[in-house]
Structures are given as C-alpha cells and as structure tokens.
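According to TrEMBL, the protein has these features:
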TRANSMEM  A:34-60  transmembrane segment
TRANSMEM  A:80-101  transmembrane segment
TRANSMEM  A:138-157  transmembrane segment
TRANSMEM  A:169-192  transmembrane segment
TRANSMEM  A:212-231  transmembrane segment
TRANSMEM  A:238-257  transmembrane segment
TRANSMEM  A:269-287  transmembrane segment
TRANSMEM  A:299-317  transmembrane segment
Protein chains: 2
Amino acid sequence: MQQLSQTETYSLSGLSAACLAVLVNAWKSDGEPLFASLAISGIAFAFTYACIRWTGHVFIKRGYKGRDMSKKTPVEIPEAIGLICALVYLLAIVNFLPFAFKRDIVEVTSGAGNKVNLLEAQHLETGRFLHRFPLEKLASYGFAYGTLASMTILGILDDSFDMRWRHKFFIPAFAALPMLALYFVDFGVTHVVVPLPLRQYVGELIDLGGFYYLYMAAIAIFCPNCINILAGINGIEVGQSIVIAALIAFNDILYLLPSVQPHPAADSHLFSMYLLLPFIGVSLALLKHNWFPAKVFVGDTYCYFAGMVFAVVGILGHFSKTLLLLFIPQIFNFCYSAPQLFGIVPCPRHRLPRFNARTGLLEPSVTTFSDDKPLRPIVGEALKILHKVKLLRVQQGDSGRVTETTNFTILNLWLVWRGPLREDRLAVEILAMQTAVGLLGLWVRHSCSKLLFTADNRF
Amino acid sequence: MQQLSQTETYSLSGLSAACLAVLVNAWKSDGEPLFASLAISGIAFAFTYACIRWTGHVFIKRGYKGRDMSKKTPVEIPEAIGLICALVYLLAIVNFLPFAFKRDIVEVTSGAGNKVNLLEAQHLETGRFLHRFPLEKLASYGFAYGTLASMTILGILDDSFDMRWRHKFFIPAFAALPMLALYFVDFGVTHVVVPLPLRQYVGELIDLGGFYYLYMAAIAIFCPNCINILAGINGIEVGQSIVIAALIAFNDILYLLPSVQPHPAADSHLFSMYLLLPFIGVSLALLKHNWFPAKVFVGDTYCYFAGMVFAVVGILGHFSKTLLLLFIPQIFNFCYSAPQLFGIVPCPRHRLPRFNARTGLLEPSVTTFSDDKPLRPIVGEALKILHKVKLLRVQQGDSGRVTETTNFTILNLWLVWRGPLREDRLAVEILAMQTAVGLLGLWVRHSCSKLLFTADNRF
C-alpha cells in the first residue's frame, strides 16, 4: 500500500477542512448551492486523490494492471482506476442533493402555514405539500444519477470481461436509457427550431419524433466512445475530459451572469454546473496520477463515465448542439480514424505513437503493407494525396507502391506535423489545441446564432 | 457456450412473443400499467434465463467460478450470476417507465389545449406544462433506479475484490444514499404515529428527526445482509427472496383491491408492485439454474441486490415496519448467528451444513473446541442450556466440558430438528416455513393494528 506523503496528507486535510467549513456555512445560511457544490468538489478531489493512493495495490492484486510501453523500463501499474473517480463522483452528487434543494425545502415548509399542517397525522402518508417544490429538477438528478451509475456498471464489465469492439461501441446506449426514458416521460419535446433561411420551406418548427430519440442516443454513444478513441498517451484521456468540462462550465457561466438574468435557460445551466464541478474535482485527482510519467491507468470505465457526464448535461440541459462544438478535435479524430476503424486500411491492434527508447521521444507509429497483402491501388492513390496535403506520411517502394503509412489518429498526425516529441509535451500541445478550438467554437456559436435563429439563447 | 435446448428456445420465444403482444396492446390502449409490468416481467424472465445460459462460460473464464462442495463430484460452475439478474432488472425498470406514465402524458398533453401550446417555439425550452403531471412518482423511480444501480456496482466490487466482513457489512448503506437523499429532499416526514397505549405519555405523533434516517439506513443495511447470511445451500438465497417478494406483493394487493378504493396508500403499493414483478421474473430464471443440483452460484451481488429491492419498496412505499414482519426467519437467523458472528463462540470460515458423501444427505456442521483452546466456562454452560431447549446440539467430553457444537445458523438448527435431509428437501422445508411465518405475520399486522392505532391502513 502506497502511503500519502506528509505534505500531501497536510494539504488534503487542509483542503477538506476548508471545504467542510464552507459546507456547514452554506447549510446554516441557506446559501447558494453553487458554493456547496464547489466545496463538495474540493472534498471529492481530496478523497479521490487519497483513495487512488490507498487502493492501487488492490487493483493490481485483482489483475487490473498493465505496463506502460512508452517508458524505458515499463513497470506494472494499476489499471481501471477511473472506477474510483466514478464512485466518488456518484457519492458527491448524492451528498450535494440536500444543498441543492435546501432553499426550496425551507420555502415550501415555512410558506402558507404548511409547518402546522405537517404535524397533522394524515400527512404522514402524503408527505409535504409539494405543489411549489421543483420536483422536475429532482427527477433530473435521479435519472442523471441512474444513467451515470449504469455507465459505471457497464464500464466495470468492459474492464473486467474482454469485450469485442463492436459490442463495446453500443454499450453507452444502454446506460443512457434512464435518461431517454426521463426525457420521454417528462420533457417530451421532439420539435426543433428551424434556422431562418430554411423556414420558408418547412416552417418555424419541425417535429423529429422518434428521430430525436435516436439523435440523443447517438450523442450518448458518441461522447464516451470519442474519448475512448482519443487515447494512448499519459494524461490524454483525463486531460481532454477536463478541458471539455471546463469549456462547458465556461459556457454555463455565460448564462448565469447577473447581467443576463432572468434567463430562461439559467436553471438548465446551473444543473450542468452542479454536475460538472465534482467531475472536474475527481478528474484533477486522477490527472495528477495519470500524468506523465503515469502511476496509474484510467481504464475504459473513466472514458465511458466522462463521456456520459457530458452527454447527460448536454441532453438534460438542452444544449447538445453546443456540446458537439466542444468535441471538434474528437470528431476530427473519429472521422480521421474511420479508414482504419472500418477496415479500408489495415488496422494494427495498437495505434498509439511509437516510443523511441534511444531518444526517449514519441514518433508516429506506422502500419506496413507486405508484398503478399498489398493495398488496393485506389486506396494507395488516396493515401498519396493525403500525404501531399500533409494529412499522413507514407513511404513508397521502388515501384511507387505505398509500403507504409502512419496510423490514422490525431496523435500520430500531430507528430507528423511537429516531429518527435516527449510524451508530456505531446499531451500539452494536444490539450492546448483542443482548448483553442473549443473557445473558437463557443465564440462562433454565440456570435453567429443570431444569423440563423431569431434570438441567441444568451440574450 | 451452453446452448438452450430446443424446448427451452421455443418456450422462451413463445413467452416473449405473448408478452410483447400484451405490451403493444397496453401501449395502444393506454391500458393498466400493471399489465405492462407483468408482460415486461415475463420478458425479463426469458431474457435472464437465456443470458445465464449464454454467458456462464464468460464468468468462468474471468475467474468468477466455484465448486459446490455439497455434491459427490464437485465441478466448477459460474459464480456471481446474480449480476445478470441485476442488469436485466434495471433494463426492465427503465423500459417500464413509459408505460407507467403513458396515461399521465396523454392526459397532460391533450387536456386544457396544451397540444396547441406545445407547438409554440418558446416552450421548447420549458417542456410540457407539468403542473398536473405526477412528478413526485417520477423522482421516486429515478432514485430507486439509482439506489439499485449503486447496489449492483458495490455488489460487483464485493464479488471482484476480497472484502473484509466488517467492510462488507456497511456497503449497502452507501448504496442507499440516493434513496435517503430523495426522502430528505422530497418527503421529509420524520414523525411516526404513536401506538394508542403510549399516547398519554408522548402525544399522538413523535418526531424522530435524524434517528428516522438512521432507522432507514439500518433497514437498508439489514435487508441485504440478512439474505446474504441465510445462505449456503442450493436455491436458498433466491428462494427466500422470491418468497419475500411474493409476500410483499400479496400485501400490496390487499391495498389495491377494488373493494378498498380509493385508498390513500394505493399509489405507494402500486409502485411497490411495479418494482417487485420484474424482480420476481428475473429471480425465477435464476432459481431455475441455482436450484438443486445448482448449475450456477448467485454471488453476493444477488443477495445485496435482492435485499435492496425490498428496502427500496419498503422505504419509498412507506411500509418498512410491515416489511420487517416478512423478515422474521432472517431476523431469527441473524440473532441466532450473533454469538458466532461477534466472536463469543469461535466461528469457522464456512458454516454451511456438512455434506455426507456416503448417504448423500446434509447434516448439521459443527465447530469443535480443542483442549488448548477451550470454551469459556460460562459460554459452555449457556450452550448446554440451549442444547436442553433443542436450540443446539452439543457434545460433551468426559469432564462434562463442551467439546463440539453445531454451528449457529437456522439451516443447521433445522437439520438438528429434522435429522439429515437431502439439499433440495431442506431448501423446500425452509421456504415453506418462511412462507407460513410470513403469512402469519401479515395476518397479525392487519388484524392487530387496530388495537394499537386508530385505523388500519387497509381500511
């Protein structure tokens, strides 16, 4: 069992104590749930941090372990540690609930003489008078929790049993069912607003009906798998998740600024904030251990869980299109990977960048085509064009035939552009690029939506 | 991979097809959700049955396996199969939701001209008009789902990682947190009605405050652990769970009979029925494979999951005291086990009945006390008294010292009373006893509650 260092123990204890004080104060003063959420996220960070250290050896003992092949001396480190994040996160969300609704409880029980009513025996069967209580929010929390817990179960199963890729791909759809059921039962709106230029053809609104549910299921499948595919170097899975979470939170803040209140979507974005802050908390604790040189691996559980958190806030917060804008690097990576994923170009088992033990740097990994299994000529020509526009690097034999190509992932492509990089440098550059693209996406979304719709949600 | 026999395939397909027809009909006619729940439970049975057969080898491959020591030739069979039940159950509950609320959706969207309103653009942000929609029920489903999914996660962890008994014992409390949070936020009543004879002292109502939450947490810890402790022979974990579920369902029906309508608690008991029927479905499929001679083991996942289903319906349905009446054999077993569980009498690693390979029958297992580790005299005297009242069988040495005692479980006690029995015979007798005790408990509850309170809930 790996112990926390003394500095770590003091820092984490101090952080937890400060957060607890904030929590107690928030409870007593019926304060802003946002402060309580921040405080709980701080505690979640400290608890995750300590738990990763305390329980790592248990994972190794039970066979959840792997070797980091991008190191000079690969040692066995725990795998599937994202499970700890998921558990602490779920615990944090549950413990946040009383804070989220404290004000409403006070308002409901103190208003209209209900406190007196409450003491009458017959109300023991019916509970409080609830007509002023925001029950629809409560149901959202319940089903968000259910969806994320389901995703955790399926993530564990994926990390425990070897699943085939084509089975794994659809796993998130099952986990998303509670959320879709809630949407069906509660919200139920399957109309979308038509952009201005198209209104003369189809009208102001269009009812997508069942397709809207397919769209939501697609989001729920897409987000987790995207994060799972953009993986392979230390810290990239957690790093990209934190960047996305921070960008969504930034977008939420735009709707929560005092200057734009009252805003019809403020409640949805508060809900999003409450779900994202603890996620950022547990993820930072994981990043600390997964960053180069990694002490733990995150596992599919984390990738699925992170992706599903985003799908939940995007769908239940009704900003799934904006969400997709923040996934542009992942979407690019998915499309770019498609030729290998769908077998047009042969796909090796691992496509992560190749570690050059002599220089200590990462280089693009390659797939070679032997003479007995050559590429189809048309595919070869396509690869040559991609090479010319610098979207690949191929090697040609004497006959002009393509004998080798870099693998189709954004990480390899970045290394083609930038030359060999150390693992942490590559991670930093990818995350910086992702942040820049995300901010650009948000800027476009808020400045251009007025051209397409009658009003931006923000104003 | 073990295939289904042709008869099984036809039977299961036929059952599923019939249930699907009922479902489609229920959807079209906005029929009783109870029929939909029954149909979904039938499908859940068929699906669980097939999945156990299909995926058993995967469990063995991943190390979830064990040998049944009460057989002449113990072969390796899959362990922790209850996981399949839990997953199918959760899937069933989610798919039932649209049926549960179909009528309400129709009523809300077709009444008061809301259909027209729905088509106006601004409602895309706020969803349907919801003031007539039973959102408090929806929240209950969400949190019940979240609680059961959490229990499944922790059950998997328990089956995967070797946990210490003192850690395992409190696991269910964590899983129950979503439910307790819901109760705190939504219902919030911590008063209990005082029985008539005590009212002159403490008044009609008494506010238990925080103790009420401790009481609910205790129920949530108690139910899963009770089922986990009354275990050790083929079919007993699943069998007892089915008996309890059937008894709760029987009690629910008493509140749902047309002759007692409208009843204030009818909704709570419908909720309970909707949660129990699919549970009975998946459990019957498991029982078929776990019954003597067992083809699979159920694992802690099942015991925890089953117990938590009961805790959820008892607490969210507001009949936790009645629930405890149905756990009398388990409560007896727990109290009876206490001397060994708490170390007053030495406890061997396994206390299940001993298999006599010569006769093929089960006999009470015993713990022997060697000369260097004798019993404390006072404990020995207590055991002798228990022997006299036939609650144990002890062996005494020449000096009158206790040298051996049967182990403290209800299964061993039953064998002391009835003599050696075949494994399935023992299971049948225990389940019959449990059914009889449970029915008696319900009869006492409904006939005597008028003496203690001003009105029975039933009338």
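For all residues, glycine too, the Cβ spot is worked out from N, Cα and C.
Tertiary proximity for the transmembrane segment (A:238-257) is limited to same-chain residues at least six positions away from its ends with a CB under 8 Å from its CB atoms, namely 227, 230, 263, 265-266, 268-270, 272-273, 276-277, 279-280, 283-284, 286-287, 290-291, 298, 302, 306-307, 309-310, 313-314, 319, 322-323, 326-327, 329-330, 427, 430-431, 434-435, 438-439, 442, 446, 457-458.
Here the transmembrane segment (A:299-317) sits against the transmembrane segment (A:169-192); at least 3 CB pairs are under 8 Å, leaving out pairs fewer than 6 apart in sequence.
Cβ atoms under 8 Å from those of the transmembrane segment (A:212-231) belong to residues 151, 169-173, 175-176, 179-180, 183-184, 190, 192, 237, 240-241, 300, 303-308, 310-311, 314-315, 320, 323-324, 327, 329-331, 333-334, 337, 352, 409-411 of the same chain, restricted to positions at least 6 beyond its ends. Long-range contacts of the transmembrane segment (A:138-157) within the same chain, counting only residues at least 6 positions beyond its ends with a Cβ under 8 Å from a Cβ of the stretch, are 80, 82-83, 86-87, 89-90, 93-94, 97, 100-101, 163, 171-172, 174-179, 181-182, 186, 224, 271, 275, 299-302, 304-305, 308-309, 312, 316. Long-range contacts of the transmembrane segment (A:34-60) within the same chain: residues 1-4, 8, 12-13, 15-16, 18-20, 22-23, 26-27, 76-81, 84-85, 88-89, 91-92, 95-96, 99-100, 270, 273-274, 277-278, 280-282, 284-286, 288-289, 295-296, each at least 6 residues beyond the stretch ends and with a Cβ under 8 Å from a Cβ of the stretch.
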